[in-house]
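A.B. asks: Quick one: structure below, then a few questions.
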Amino acid sequence: MKINGQQLLRATILLFFTIFIFRLHVSGDILKLINPKYETLSQLGASLFLLLFLIQMHRVFTFGGKNEHHHHEEGDGHHHDHGDQPINLKKSVSYIIIFFPVATGILLPLASLDASIAKNKGSTLAITGQAVSESEESSQEEQQLSDDDVNQIDPNVYKNKITKDEYDQLLTDIFQQSRIDMNETLFSTYYQQIMQNPEQLQGTKVTLSGFVYREEDFSPQQFVMGRFLITHCVADASLIGFMMEFDQAVNIEDDTWLEVTGTIQLTEYQGSQLPIVQIENMETIIEPDQPYVYPINIVMVE
Amino acid sequence: MRKSFPSLIIDSAILLLFAIVAYVFSFSDNFSIMELPDSFYHMNTIFLSILIEALPFILIGVLIAGFIQIFITEDQLKKWIPKNKYAAVFMSCVVGGLFPACECGIVPIVKRLIAKGVPIYAGIGFLLTGPLINPIVIFSTYMAFGNDFEMALLRMGAGFVIALLIGIIISFLFQTNQLQSHVTTGAICHAHSTNSSFLEKAGKTLLHAVDEFFDMGKYLIIGAFLASFVQVYVSTNMLVSIGDGHVTSLIVMMGLAYLLSLCSEADAFIGASFSNVFPKSSILGFLIYGPMIDLKNTLMMLSVFRTKFVFTFVGIVTFTVFIVISLLQGFN
């Protein structure tokens with residue numbers, strides 16, 4: 001009986017991937033990486049790794065000269081790599097590269113995205129990119145506001161399943177409510193609705209939580225409060241949130257999580273009406289276990 | 001239960017490996033004391049998230065590639081593909097449009113098809129429309145642009161025309177299959193395994209998938225790493241500040257699509273978030289260019305095709321998308 005070292009190495013790497021992904025699911029860390037909607041798909045991926053590992057194990061051993069695996073008899077010297085050839089430097093490098101993500105996954109804890117990422121992401125442009133603070137006239141309404149996107153980042157996709165009817169109902173109900181509670185499930189839906197209909201919703205109370213984010217040119221009373229919307233995985237995260245205004249300077253550091261109740265106000269900026277939230281009450285909260293929000297999942301019923 | 005000696009050995013080795021790997025993982029919590037800058041953790045998180053998201057698609061891709069390798073013969077493929085160049089390009093673009101795939105999962109499939117004798121231009125047509133035109137992408141684009149079909153239709157329509165053009169250009173420039181030599185010999189050395197039982201074939205399909213994974217995996221990993229680096233360390237705001245004219249903004253958006261390497265199913269939302277910064281045509285460029293070619297997919301192609309071909313291909317795609325979008329801009 002012979003053991004083929006390189007086949008064993010391949011099998012071991014496959015097993016590392018299998019356990020790595022399953023472990024992410026068991027510990028719940030997977031939510032720091034992908035939208036829960038894709039959990040099943042990722043589990044399928046892990047199962048495929050397991051299957052490939054089990055199959056690969058049959059190539060590791062050679063018993064009494066009878067080869068279990070495919071061999072090249074033809075001596076043309078140009079082989080496509082089945083892991084039979086001896087390890088050289090180039091192959092060691094490729095195995096190291098393939099193992100690299102598992103290693104960083106074991107060694108480094110997963111972080112959640114924060115204001116420093118928001119700063120780097122183009123998505124924040126939508127809310128903050130062109131915010132210009134005006135001269136400090138104490139009347140709050142005259143503050144210049146950010147050039148908020150009016151109909152982008154449509155959040156009405158996926159995650160928590162609702163039917164199209166329920167969804168339409170949600171969108172109309174918002175106008176009857178005296179206070180909009182932007183909980184995690186509906187955060188993106190309400191966000192979009194407020195951005196699209198700031199006039200009708202002017203004066204409505206709103207409660208939301210999120211982290212604080214500022215650009216250099218904000219006035220001391222201003223900041224953005226928002227959350228990351230994850231469509232697939234954290235690589236496609238975009239910040240959604242509102243410009244906040246308080247009647248005195250706010251001394252809160254970036255990345256602090258707040259729960260705020262305020263009133264939706266309108267500001268005109270470059271000819272378009274933009275909603276801001278005039279803060280009435282705010283308190284610091286600890287970062288929620290699930291800091292991200294997801295688009296809502298509409299079930300298309302026939 | 002009696003088992004043969006070999007399978008007993010294999011089973012115990014499997015159990016032993018499980019124990020060892022689980023043991024290694026049990027250490028993982030002890031390492032987290034290391035002090036590194038925050039941005040490093042962010043990069044690692046984004047890197048892993050791209051991988052975790054892409055891996056199921058890659059695995060499905062290598063399984064389909066393994067299936068093509070073992071179950072479909074060169075003769076069958078020859079019969080299906082039209083002799084006429086233009087008809088072949090058109091058919092491959094349509095098939096790609098019907099086939100739901102993502103831009104990394106499709107590379108191993110195209111590699112297998114071309115190694116099996118599918119002409120390079122047909123393979124390329126399939127490679128281009130596979131990730132760009134499919135129901136999931138249409139739906140997410142429709143949603144991302146405020147339940148408006150205009151962008152989704154433009155994306156599909158212009159994308160299809162561009163893919164056709166690229167396929168035709170490729171058909172004039174390249175006659176041979178452009179695969180690296182080891183890929184072709186790989187296909188030939190398997191040819192003798194055609195008349196075995198189904199189970200044997202299924203086993204071979206899986207083993208083939210393993211080899212394919214180790215061939216491709218490293219390029220996906222390098223690509224994901226570079227993309228995560230860009231996301232954390234290159235400021236998009238800076239890029240955006242470069243582009244205000246129609247031409248520069250289109251270049252910026254295409255560059256962004258290339259560097260971010262987003263999945264075609266998720267990029268619509270990112271594209272939409274630029275709507276108030278850039279004109280619609282630039283956004284369209286972002287939506288069409290990204291699924292056709294990006295950083296992570298270029299690296300994967302380098303593992304399959306000759307380097308010269310990959311660079312020419314990237315050039316042709318970039319040029320064609322740019323020209324077609326600019327023309328569309330002119331009409332508006």
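A Cβ is built for glycine as well, from the same backbone N, Cα and C atoms used for every other residue.
Take a look at what TrEMBL says about it:
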type	residues	note
TRANSMEM	B:7-26	transmembrane segment
TRANSMEM	B:46-72	transmembrane segment
TRANSMEM	B:84-108	transmembrane segment
TRANSMEM	B:120-145	transmembrane segment
TRANSMEM	B:152-174	transmembrane segment
TRANSMEM	B:216-234	transmembrane segment
TRANSMEM	B:246-262	transmembrane segment
TRANSMEM	B:309-331	transmembrane segment
A.B. asks: What residues elsewhere in the chain lie close to the transmembrane segment (B:216-234), defined as a C-beta under 8 angstroms and at least 6 residues from its ends?
C.D. replies: 39, 42-44, 46-47, 50-51, 54, 58, 62, 104, 107-108, 259-261, 294-300, 302-303
A.B. asks: Counting only CB pairs under 8 A, let me know which of B:7-26, B:120-145, B:152-174, B:246-262 has the most with the transmembrane segment (B:309-331).
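C.D. replies: Looking only at B:7-26, B:120-145, B:152-174, B:246-262, the most contacts with the transmembrane segment (B:309-331) come from B:152-174.
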A.B. asks: The transmembrane segment (B:152-174) and the transmembrane segment (B:84-108): do they have three or more Cβ pairs under 8 Å, with pairs 6 or more apart in sequence?
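C.D. replies: The transmembrane segment (B:152-174) and the transmembrane segment (B:84-108): touching, yes.
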A.B. asks: Quick test of the contact rule: Cβ under 8 Å, at least six residues beyond the ends. What residues does that give for the transmembrane segment (B:246-262)?
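C.D. replies: Distant Cβ neighbours of the transmembrane segment (B:246-262) are 50, 223-224, 226-227, 230-231, 234, 236, 239-240, 270-271, 274, 278-279, 281-283, 285-287, 289-290, 293-297, 318, 321-322, 325-326, 329.
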A.B. asks: Quickly jot the same-chain residues contacting the transmembrane segment (B:152-174) by Cβ under 8 Å, restricted to those at least six beyond its ends, or write none.
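C.D. replies: Distal contacts: 85-86, 89-90, 92-93, 96-97, 119-122, 124-125, 128-129, 132-133, 137-138, 141-142, 145, 284, 287-288, 291-292, 309, 312-313, 316-317, 320-321, 324-325, 328.
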A.B. asks: State the residues, same chain only, that lie 6 or more residues beyond the ends of the transmembrane segment (B:120-145) and have a CB under 8 A from a CB inside it; answer 'none' if no residue qualifies.
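C.D. replies: For the transmembrane segment (B:120-145), the far contacts come to 81, 85, 88-103, 106-107, 110, 113-114, 151-152, 155-156, 159-160, 162-164, 166-168, 170-171, 174, 176-178, 264-266, 268-269, 271-272, 275, 287-288, 291-292, 313, 317.
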